[in-house]
Amino acid sequence: MVWAAPASSGPVTGTVVVPGSKSLTNRHLLLAALADGPTTLHRPLVSRDAELMLGAVQSLGVTVERASDDSTWVLTPPQQLRGESTIDCGLAGTVLRFVPPVAALADGPVHFDGDEAARTRPVAPLLDALAALGIQVDHGGRNTLPFTVSGTGRVSGGEVGVDASASSQFVSALLLAAPRFDQGLVLRHTGDRLPSTPHIEMTVQTLRAAGVQVSEPEPGVWRVAPGPVRGQRIDVEPDLSTAAPFLAAAAATGGTIRVTGWPTHTSQAGDQMRHILTTMGAQVEFTETADRVGTLTVTGPPAGELRGADLDLHDVGELTPVVAALAALAATPTRIRGVAHLRGHETDRLHAIETELSRLGGEVTQTDDGLEILPGRLYPGALETYDDHRMVMFAAVLALGVPGTEVLNAQTVAKTYPAFEQAWSALVLGQGATAMPERGAG
Ligand SMILES: O=C(O)C1=C[C@@H](OP(=O)(O)O)[C@@H](O)[C@H](O)C1
Ligand SMILES: C=C(OP(=O)(O)O)C(=O)O
C-alpha cells in the first residue's frame, strides 16, 4: 500500500489514546505460559507482534479466551508446556528471543522460524547461552533462524554468561524463563556495552510483580530465584514509543498534543520523549488524573524554532527513527549517538534513515554509532519502509513538513499499531481529536 501521508497546514493539535505497550504485552503473555494459574490482560496490544506472541504461547499449550472487542484476554497455562510445535517469530524480536528459553521447558522439540528479515537479526549469543545451560539447540551451524530447541520438560539452570551488546533482549529472555529453572539462574552480561537497559528493568519489575525474587548483586549480573510465577490481572500501559510520533507532531508544528493514560512511573523507553522534546525546545507538562496515571501534554515551539540536539539514545534506541525525523525538521543540527545496535533491529535502521532522508534531499551522515542530521530544505519523494513499523512513523513525521510525501508498504506499521495511518491522518487533517477510540474502558 502506498500511503499519501498528510503534511500539516498549521499546528497539529488533539488528544491521543495509543494502543497497549508491545514490550509489556509480550512479557505478560510469555509469563502467562509459565504461571501457576490464569492471567488476565486488560487492554493488551492487538497487533502483529502481540498476535505472534499469542500464537507462540498457544502452540506451547496455553488456552486463550478473547473478549469480542479484544479489550481482555484470559490465558490459562497447561500443566506441562507442549513440544512438537512450530513457532512463527515473524519479525518480532520479543518472540525470537523470549520464547526459546521457555521452549526448553516443553516436553519435545519446538521449531522456530520467521520472516526472511528475521534471519539476519542477532540471536547467536542467546542460543550459545542456552547450549551452555545444557539445552539442545539445532541451527545447522547457522546460529540463526530457523532453529529447533529440544525441550525435555526441565532445565536445571545455574550460572551462565551472555554477551548482550547486540540486544538487551538476550538478558530479558533468560531472566523471564529463569524462575522455572530448577536452580533459578545467575546471569552475567559479558560484553562491553549493554543497550536498552530500561527494557531490562522492565523485565525485572514484571518478574517481581509476578512474585519472583530477582536481584542485581552487581552491575551486569542478575540472580533469579527458582519459584512460582503468579497468574495476575494486568492493566497494560499504553505504548509510549507509539505515542512518540504524535508528540513529535506537536513539536514539529507548534501544536499541542495530549496523550492520556500516561503512567506516572514506568520503565518504558518512550517516557524519555519528555526529556528529548524539552531539549529540542518543546514544552512538556504532566498532570496526574487518577491513581498512577495522567495526561502528558506537549506544545511545540513556534514554527521555525525547533532546535536540534546532541542526544545519546543508547538506552532508548527504539525512539531513534522518530527523533531523526523530527531532527530533520529542526532549525539547527542534531547528533544521535550510542545506537550502533540499531543495525540489527527490524532492518539496519541507521542505513534506512540515512537512505530515506537523503532521498528527500536531507543532509544526513551515518557515524560509527549514530547519525548527524543537518537542517535543510526537503523535497517530496516516495519513502521505503523496510518492513519496519518505526520507519513508517519516521516517514509520517517527515511528511508533516514535506507536502507530497508518499510512504511505501505503510501497512507494515501493523507490527505495533495496525490503525496508525487512519489515526495519524485524522489527527493531522484536524478531523478527530482522538487517535484511537478507547476500548474496554473501566
Ligand atoms: O525488550 C524489549 O521489549 C525491547 C528491547 C529493545 O531491544 P534491543 O535491546 O534489541 O534494542 C527495544 O529496542 C525493543 O523495541 C523492545
Ligand atoms: C526494535 C524493535 O522491535 P523488536 O521487539 O522486534 O526488537 C522496535 O519495536 O523498535
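Placement of Cβ uses the backbone N, Cα and C atoms for every residue, glycine included.
According to TrEMBL, Lys22, Gly93, Arg121, Gln169, Arg390, Lys415 bind phosphoenolpyruvate; the candidate from Arg208, Arg343, Arg349 that the record adds to this site is Arg349. Of all the binding-site residues listed (Arg27, His345, Arg390, Lys415), Arg390 sits in the most crowded Cβ setting, with the most other Cβ atoms within 10 Å. Cβ neighbour count for Glu318 (active site, proton acceptor) (all protein chains, 10 Å cutoff from its Cβ): 26. Neighbour density for Ser168 (3-phosphoshikimate binding site): within 10 A of its CB lie 25 other CB atoms from the protein chains shown. With respect to ligand 1, the binding-site residues Arg121, Gln169, Arg349 contribute Gln169 as residues with a C-beta closer than 6 angstroms to one of its atoms, given in sequence order. Among the binding-site residues Gly93, Gln169, Lys415, the ones whose Cα sits within 10 Å of the Cα of His345 (3-phosphoshikimate binding site) are Gly93, in sequence order.
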